[in-house]
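First comes the structure, then the notes that go with it.
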């Protein structure tokens, strides 16, 4: 039993070990801070690589699989291999977007993230149906470089009003579906890009050959996306917004990390390739008729069916 005026056993323990408790807390805090910094500085190679692989196989490869695999393997009244590719794309892409937003060094609004992904899935699923029918029509002689009403197989339809149903399907596929698909997709990429800035002392400057190859692969794919999806204005607006954010953040002495520079370089390559593509086909009168206007960006598959595909 402690004498009067002497500290109790509990008080003596608190006097002996407070610094150790604080040290443990500080060590845990420093370790947490170090992990956060490492995460912010690292390049998300796994996500960017999976996204690029997914885009090339399940999006770019989708029409190839739909048109070139024999009809005996996928009859006209059954989903094609390209349709299954599209289904896989509709699952993998939103998953990658959600994981990408989770790794952002700045907290993003969960409401905006979830709504964007939900609208993305709706638009991509809408496009799945329209695109599936379009690829089936190509097997029957449908020409992508012509409008729906001008296609030879549509002129023989009876009653004539049935063509309107295919025009509605085209709008859901190429217009409404594309907008609901791509606007939230590029919004997610832009919101992630905004969070890629930090003080220079915490930013990794170096890049490697793998990083550059991934930029090249992604930039070529987004060129295909901007042209085939007819969304070059959306890509251009996203790129301008990214440049504006870059200038503003630089003015505040914040610098872009490797993930942000990856997106910026990818979009730069996309804009350059799209400009070269449009200039190359600028005087093509047949494609001009289908793609009028100042922002003249023909679809690669329309060019393919017009000049490269063998006649049915």
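Count begins at 1; order follows the chain as displayed.
Cβ coordinates are placed from backbone N, Cα and C, and glycine is handled just like the others.
The region 'Disordered' annotation in TrEMBL covers 1-33.
TrEMBL lists 17-33 with the feature compositional bias 'Polar residues'.
Feature annotation from TrEMBL assigns transmembrane segment to 47-69 (among others).
Sequence-distant contacts of the transmembrane segment (81-100) (same chain, six or more residues past either end, CB-CB distance under 8 Å): 44, 47, 50-51, 54-55, 57-59, 61-67, 69, 73-74, 113, 116-117, 120-121, 124-125, 127-128, 131-132, 135, 185, 188, 192. Summarising the annotation, TrEMBL assigns transmembrane segment to 81-100 (among others).
Away from its own ends, the transmembrane segment (112-130) comes close to residues 83, 86-87, 89-90, 93-94, 97-98, 101, 169-170, 172-174, 176-185, 187-188, 191 of its chain (Cβ-Cβ under 8 Å, at least six residues beyond either end). If you look up TrEMBL, you'll see 112-130 (among others) marked as transmembrane segment.
Non-local neighbours of the transmembrane segment (179-197) in the same chain are 93, 97, 100-101, 104-106, 108, 112-113, 115-117, 119-120, 122-124, 126-127, 225, 229, 231, 234-235, 238, 241-242, 245, 249, 254-257, 259-261, 263-264; each lies 6+ residues outside the stretch with a CB under 8 Å from one of its CB atoms. Residues or ranges marked as transmembrane segment by TrEMBL: 179-197 (among others).
Residues or ranges marked as transmembrane segment by TrEMBL: 204-225 (among others).
For 231-250 (among others), the entry in TrEMBL reads transmembrane segment.
Residues annotated as transmembrane segment in TrEMBL: 262-282 (among others).
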